[in-house]
């Protein structure tokens, strides 16, 4: 009897242990651990009296591109835990494989290229330098190869690669290796937001990058200040270094026994002055189309189902097959559209499930000439607004009821808006476009005006007593705008008549 109890108890412990290890890969991250994010977030009180719209404060050049870093020691960056980086890859350039100790989300602002993702424990289901193996239904006249012939024709096998283009959102978990190649004719420009307050980051408040090749190039900041010397260590950790350069030659040679000493030296990045973005003009990659990627996922499932008991571990079936890309211009991503004012496109955990695990999301907002959005605030996230086109005016009001930002913004600037701070944006004569990167898998905004606003949900009598106005004025206040979040500019009666006449 006692033996059965001991066995049962041991089995329960084993099941609980396995469940604890696998829980991060499962869906439903609403109940996040408290010790991670809060530990870093509340080490100091944040008293934000002023926000700034800023451009990168440091540029590091490589052979085939530039890495630009925003000053993350300002109050708004430090308190929200955001770290922002912009990478410019020249045509033919290759951003070397690397990983970070913090999850991040990347927006492709310009260009096209190829992205690679390497997930530990997942199979190599992609092939290069060989004829692609299509499903039986698509082979047509192709004869069936024997197993040995198929093995010999596979060529190089690797994990998933996919094409990226302007408007794509690309997330990455902490510790997952990614690389990027620009095979287009224009510069490939991307902006990345790293979440330093994520519970995935275990060590301290610093974001660290780790490269698997190359050697960094150090350059001084474009703007000199006393504070820059104190920031040097943080920036160097963010820029990263080749982790193989720290291992001895003997260890690497023992590990990679089929390579010579010269290759070992190149693995360590010795005498490599190219930086972390290198020229790879001759690099040719066979990138699967969307239907081929779907087939590879199915093919990987079949492979894992063969042999042994025919079972797979569940983690491979879920995490290995997750998508790592979503384009803002996909019709299903349209959240709000106003033909006279603009539109809002959203990529969150509903459209890209991996964002539920990372607790990150993004919005793309397009405002037409003189159109307005807001005032509105984020219920459950901070946001970093990166302007991609045009210019406009932004006002942000904090918890003391005072303006903490009232200025114009333009292309290339980032404005960090903390959770709960109300923001309104008005486009200029050329319109205004921006991307909002947020630290929540399903960020929720609450508008003050419009058909879905908080004022619309409050009874007229409550509004009248709250603002000490008549019920008639309260009704007009509540129902004056029928649009949703994005508002067309105000027009006088004469302007409306001219518009009606021009349409006729």
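The backbone N, Cα and C atoms fix where each Cβ goes, glycine too.
Copied over from Swiss-Prot, here are the features:
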- 1-20: signal peptide (SIGNAL)
- 46-79: disulfide bond (DISULFID)
- 51-265: domain 'Cupin type-1 1' (DOMAIN)
- 128-158: region 'Disordered' (REGION)
- 144-158: compositional bias 'Basic and acidic residues' (COMPBIAS)
- 214-237: region 'Disordered' (REGION)
- 218-231: compositional bias 'Basic and acidic residues' (COMPBIAS)
- 289-314: region 'Disordered' (REGION)
- 326-475: domain 'Cupin type-1 2' (DOMAIN)
DSSP-derived class (H/G/I helix, E/B strand, else coil) of residue 46 (disulfide bond):
coil
If you count the C-beta atoms lying within 10 Å of each candidate's C-beta, which of the disulfide-bonded residues 46, 79 ends up with the smallest number?
46
Taking helix as H, G and I and strand as E and B in DSSP, count the residues of the domain 'Cupin type-1 2' (326-475) in helix, strand and coil.
21 helix, 74 strand, 55 coil
Averaged pLDDT score, the domain 'Cupin type-1 2' (326-475):
95
